Amino acid sequence: MKKILFIDRDGTLVEEPFDFQVDSLDKIKLTSGVIPALLQLQKAGFTFIMVSNQNGIGTVAFPEEDFAVCHEFILDLFSSQGILFDEIFICPHTPEDNCICRKPKTGLLESYLKETAFAKQYSWVIGDRDTDKEFADNLGVNFLPISKTHTWEMVASAIINDARKASVQRKTKETAVDLSVQLDSDQTSVIDTPIPFFTHMLEQVAKHGGFDLRLQASGDLEVDEHHLIEDTAIALGEAIRTALGDKWGINRYGYTLPMDESLATIAIDISGRSFCDFKGQFTREFIGGMATEMIPHFFQSLSSALGATIHIEVTGINHHHMIEACFKVLGRALRQACSRTNNYLPSTKGVL
């Protein structure tokens, strides 16, 4: 579904003039940073809808032609930079008219909202007034202000980072896993499991994946470590899949080939289809309190929850290094596959 930014005009896209009316070309000045911010957001797959109150268009105080000349000039400015608005909604009334279309009311968008499916959790209103915040509440979407202390650069960063995070709580009779990921954050991850070696491996995934991972996991180790490792992999896959959202603009594919005395290769396709092929032989039963048979099972569980095809092969002598190489290459491949470098969905089907 669409991710929509409902954007105010005066005071948000262009500076608000002293008399609060853009009726001549010499009053038009773009707000600082608006062009690069909108280009970033457009690349991230957002649809732009302009929604603006314009007091008294068509009156003596605000002739229709004065509005039209300025409005078309503003649209041409943005269009010249590759920024397009899918729809534009203008309320021409004054507050005294008590119309149903003036923000914060939503009447202006009634038909559009009925005909358009969009993801409310990933959609925002951006504006400079309290009425824009009320408008966002009435639409059931998020809100971010534009002001001298809250710039377009900050708005773009907040939206892009927020759009790529997710939390999963997985509680069963055997385990309790509380996990969150933020794909575009390089904060130091905080990971706590009762198996130090497993914790260390997950730290490698987050570090080399370039994302923030917060994890608190516990389980029935008195039975064995199977349930804990499996459920953690499932939660991690679910969180990354959710954080990717509609996968607009991602690379989709990831592959890497790092070496020490061990060699691990991996290829990932975040296609929505689960398949895992793990090739590697471990002659030791346990490494750091973790059964080596759980290594391929971790990748299989991750593949299933993430909806990804994973091919991985590892060879070497030192089993610690072999396993660590597997988790490091997983992180590097996820970093590559989840990176947003395109302005399209990488699938001829139109969905991933």
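Even glycines carry a Cβ here, placed using N, Cα and C.
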Quiz item: Same Mg(2+) site as Asp8, Asp10 according to Swiss-Prot: which of Asp97, Asp128, Asp130?
Solution: Asp128
Exercise. With H, G and I counted as helix, E and B as strand and the rest as coil, say where DSSP puts Asp10 (active site, proton donor).
Key: strand
Quiz item: Among the binding-site residues listed here (Cys91, His93, Cys101, Asp128), which has the Cα closest to the Cα of Asp8 (active site, nucleophile)?
Solution: Asp128
Practice problem: Pick the one among the binding-site residues Cys91, Cys99, Cys101 whose Cβ has the fewest other Cβ atoms within 10 Å in this structure. | Solution: Cys99
Quiz item: What are the other residues, in sequence order, whose C-beta lies within 8 angstroms of the center of the C-beta atoms of Cys91, His93, Cys99, Cys101 at the Zn(2+) site?
Solution: Asn53, Pro92, Asp97, Ile100, Arg102, Lys105, Gly107, Leu108
Self-check item: Under 8 Å by Cβ from Asp10 (active site, proton donor), counting only residues of that chain that are 6 or more apart
Solution: Glu16, Pro17, Phe20, Val22, Ser52, Gln54
